[in-house]
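Participant: Got these off Swiss-Prot a minute ago, pasting:
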- Gly38, Lys39, Gly40, Gly41, Val42, Gly43, Lys44, Ser45: ATP binding site (BINDING)
Amino acid sequence: MTIKAPALNLPGLGADPLTQRIKEKEKKWKYKVAVLSGKGGVGKSTVAVNLTAALAKMGYFVGILDADIHGPNVAKMLGVEKEEIYAEKFDDGHFEMIPPMADFMGQVTPIKVMSMGMMVPEDQPIIWRGALVTKAIKQLLGDVKWGSLDFMIIDFPPGTGDEILTVVQSIQLDAAIIVTTPQEVALLDTGKAVNMMKKMEVPYIAVVENMSYLICPHCGNKIDIFGEGGGEKLAEKEGVDFLGKIPIDLKAREASDLGIPIVLYGDTPAAKAFMEIAEKLVNKLKEMKGDEKKE
C-alpha cells in the first residue's frame, strides 16, 4: 500500500527495530561517503551535490542524504524541493518513505534524494534539540526505501556536532571528504574535521579545496582570491589525500538557483574539476576494497 507521507513520525518507532533496519539497508550500499567541513560557508553542500551528480553521470546508482537537519538545501540544489514524498506501509506496521529522484532529463542515472527540505516550507525553521535531530537522522537512514546503491553520499552540517556522531555510530563509513577553502580560518577548522574522522576510524579521508581560484572572464588570468595551496598543504600535514581544487565558476550560482549541478555544465572549469575528483575517489575506493574497475 502506498500513501502520502506525513512529516517524520518521531515517536512512532522503537530504537531497536529502526537500528536493525539501518543495518540491513547498509548492506546494500557499496560505498558510504560523508561530505563535511569544519566551518560553514565553504561550499560543502555544493561539493556533495556535484560529487553525487558526477558519480551518477559516470553511470553509478547514487543516493544522497541531507543530514543537515537545521539547514537543508540539497533538495533545492537538485531541483526536487517541491516533490511530494510518499510512503509505503510494511507488514510490521512501519512506514518507509520513497525518495524522489533526479535525473535531469536522462543526463545521469537517477539520483535518490532525501532531505528535510522537502518536508517543511522553505521559511519554516526546524527548532529541534539533539534527541529529535538524532531520531530524525536515524529515520532518514532506516525508514527510507533507498534500495541498492553504488554510492550513498551523506551531506553533513558544518562543524563536528551530533548529526555527524549519529551517522558514524549508525553506519560504517568508507570515506570522508572534507571541504575547505584556501583561507587560513577555514583551514584551522578543516584540521579539526580531519582529526574527528581519524578518531572515528573512517578508512579513507581526503581534502577537497573549493573556491580555489577564479578565471577572469575578460583576460583569462587565474586569480587566487582567497590565497593559494592551503588545502593541499593541510592534507599533506595531516597525512590524508588531496583530491583536487575546484575553481570559482560564475555559472555556479545560476546552476544552483535552477536546481542543476554545475557538473552538468560540461564545458566549465568547475565541471571538469568535479569529474576529475569523482574519478579519483572511485579509483581510491576500488583500490581500498580490492574491487575490479567498472566496465
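Glycine too: its Cβ is placed from the backbone N, Cα and C atoms.
Each of these features: where is it, how hidden is it, and who are its neighbours?
Facilitator: Its own atom aside, the Cβ of Gly40 (ATP binding site) has 15 Cβ atoms within 10 angstroms in the protein chains shown.
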Participant: Where does Ser45 (ATP binding site) sit in DSSP terms: helix, strand, or coil?
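Facilitator: Looking at the DSSP assignment, Ser45 (ATP binding site) belongs to a helix.
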Participant: Return the residue, from the listed binding-site residues Gly41, Gly43, with the maximum count of other C-beta atoms within 10 angstroms of its C-beta.
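Facilitator: It comes out as Gly43.
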Participant: Here the binding-site residues are Lys39, Lys44; which one has the lowest number of other Cβ atoms no more than 10 Å from its Cβ?
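Facilitator: Per-residue Cβ counts within 10 Å for the binding-site residues Lys39, Lys44 bottom out at Lys39.
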Participant: Report, as a single number, how many Cβ atoms besides its own are within 10 Å of the Cβ of Gly38 (ATP binding site).
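Facilitator: Summing over all protein chains shown, Gly38 (ATP binding site) has 24 other Cβ atoms within 10 Å.
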Participant: Show, in sequence order, which residues other than Gly38, Lys39, Gly40, Gly41, Val42, Gly43, Lys44, Ser45 on the same chain lie with their Cβ within 8 Å of the centre of the Cβ atoms of the ATP site.
Facilitator: Ser37, Pro158, Val179, Thr181, Ala186
